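Have a look at the structure below before the remarks.
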């Protein structure tokens with residue numbers, strides 16, 4: 001990140017801050033042109049709930065029965081809404097009041113989405129940087145700041161759950177990939193907390209708790225098991241599920257519905273693989289074979305019992321343990337057949353082809369190139385990005401509302417593609433370092449080491465001729481410089497690690 005020294009760090013910090021300013025300011029058009037107001041019905045309901053929270057306090061909020069909503073039935077607000085958005089805006093208002101900034105609750109609600117769009121752009125930078133480096137991260141962050149699909153849900157006054165949920169989604173994915181790369185239990189704990197915040201914010205948290213197990217299972221099938229993979233997934237399932245169950249609107253659904261069973265199944269498989277690796281590492285070959293037979297027998301019995309319990313639980317539900325919206329994603333015709341009220345909502349309809357070009361623009365063309373770049377080289381983190389892109393494309397094709405989930409994935413792979421293209425096009429004009437030589441060798445030793453990388457034509461020209469002509473630069477990722485040293489009768493080769 002600071003490859004260019006203090007100047008490079010300053011340039012990076014400036015770009016990083018400007019990305020946040022761009023993401024925030026580009027969403028203020030409605031406020032500048034018209035006035036600071038809240039748009040649409042759901043944002044007004046969320047605004048009313050936030051007003052009650054700031055006036056009555058959090059304990060009254062959890063127990064609030066609103067007799068004016070769903071009239072004449074009424075609604076228990078604390079147990080039927082995702083509280084993340086309301087608690088976030090309420091906390092921002094309380095902090096503003098504590099430091100004597102006279103902001104109204106309405107003003108805080110209006111500007112919550114633009115503020116968190118800047119946070120989402122920065123989180124996208126962190127996620128992409130973990131996969132492909134700083135350049136790809138900055139490019140992806142700029143793209144997310146400007147992508148229309150995300151702007152439509154995060155303009156000033158759009159006070160809905162997605163205002164903070166996309167930030168929570170990208171942050172959870174970043175911390176998972178960070179844990180996967182480092183094997184740090186600290187980041188694993190932060191990942192569980194980010195998942196808890198996502199659970200509080202939006203029902204789309206089920207996308208996280210299904211995508212990550214799919215990635216873990218893919219790593220296990222392809223023989224990429226490691227302790228880092230275990231640390232990245234196991235604490236998320238245990239701690240994340242316990243925290244999710246604390247959200248009133250989720251409750252025991254965190255362990256009783258089919259949307260969460262994939263995580264539990266992969267959790268068991270992961271421990272079976274970890275136990276097998278431990279036994280193989282500890283015992284000799286003969287003892288290992290005997291122990292492996294016992295473990296397989298016990299594991300198979302346990303798996304049959306567990307699957308039987310899951311089947312019994314699923315069979316007891318008319319919808320097989322799935323919610324109506326989840327079944328609509330798995331079977332696009334389900335809602336039109338059985339739940340017309342879901343199918344009647346326009347944002348639950350499948351998108352048209354022009355929607356992709358209107359919502360993500362040039363990213364529709366950059367995404368395939370970005371996926372190809374993720375294969376070079378193929379790592380655990382790049383595999384996760386590929387899975388994220390593929391699954392989000394499918395779900396966005398079922399429900400136009402989920403173009404919002406596709407936007408970060410498209411920006412990430414688009415940023416990777418653009419960064420790879422820029423790196424290729426600017427490779428010949430990169431800044432040459434002026435630091436002292438990292439390695440000093442006589443010419444004949446350099447010739448012996450690098451001779452095998454030269455083409456037959458270069459070999460026929462001679463080593464010094466080739467170097468002076470620039471035909472050998474770069475060789476093996478090194479920048480080559482040569483000069484005549486007065487203290488030697490021959491040329492001296494300076495190698496700088498590139």
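Please read every residue number as a count from 1 along the shown chain.
Any Cβ shown, glycine's included, is placed from N, Cα and C.
Predicted, not measured: the structure shown is a model, and the values here were computed from it.
Now, the feature entries from TrEMBL:
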TRANSMEM  7-26  transmembrane segment
DOMAIN    12-413  domain 'Oligosaccharyl transferase STT3 N-terminal'
TRANSMEM  76-96  transmembrane segment
TRANSMEM  108-127  transmembrane segment
TRANSMEM  133-151  transmembrane segment
TRANSMEM  163-188  transmembrane segment
TRANSMEM  194-218  transmembrane segment
TRANSMEM  230-255  transmembrane segment
TRANSMEM  261-279  transmembrane segment
TRANSMEM  291-316  transmembrane segment
TRANSMEM  356-375  transmembrane segment
TRANSMEM  382-399  transmembrane segment
TRANSMEM  405-422  transmembrane segment
*Do at least three CB pairs under 8 A connect the transmembrane segment (405-422) and the transmembrane segment (76-96), leaving out pairs fewer than 6 apart in sequence?*
no
*State, in range form, which of 194-218, 291-316, 382-399, 405-422 has the highest count of Cβ pairs under 8 Å to the transmembrane segment (108-127).*
405-422
_Cβ-based contact of the transmembrane segment (356-375) with the transmembrane segment (382-399), 3 or more pairs under 8 Å_ = yes
*Where else in the chain does the transmembrane segment (291-316) make close Cβ contacts, counting only residues six or more beyond its ends and a cut-off under 8 Å?*
256, 258, 261, 265, 268, 272, 275-276, 279-280, 283
*Based on Cβ pairs under 8 Å, which of the stretches 7-26, 194-218, 382-399, 405-422 lies most in contact with the transmembrane segment (163-188)?*
194-218
_With Cβ-Cβ distances below 8 Å as the criterion, list the same-chain residues six or more beyond the ends of the transmembrane segment (382-399) that contact it, or say none._
131-132, 173, 176-177, 180, 207, 211, 214-215, 218-219, 328-329, 332, 347-351, 356, 367, 370-371, 374-375, 405-406, 409-410, 412-413, 416
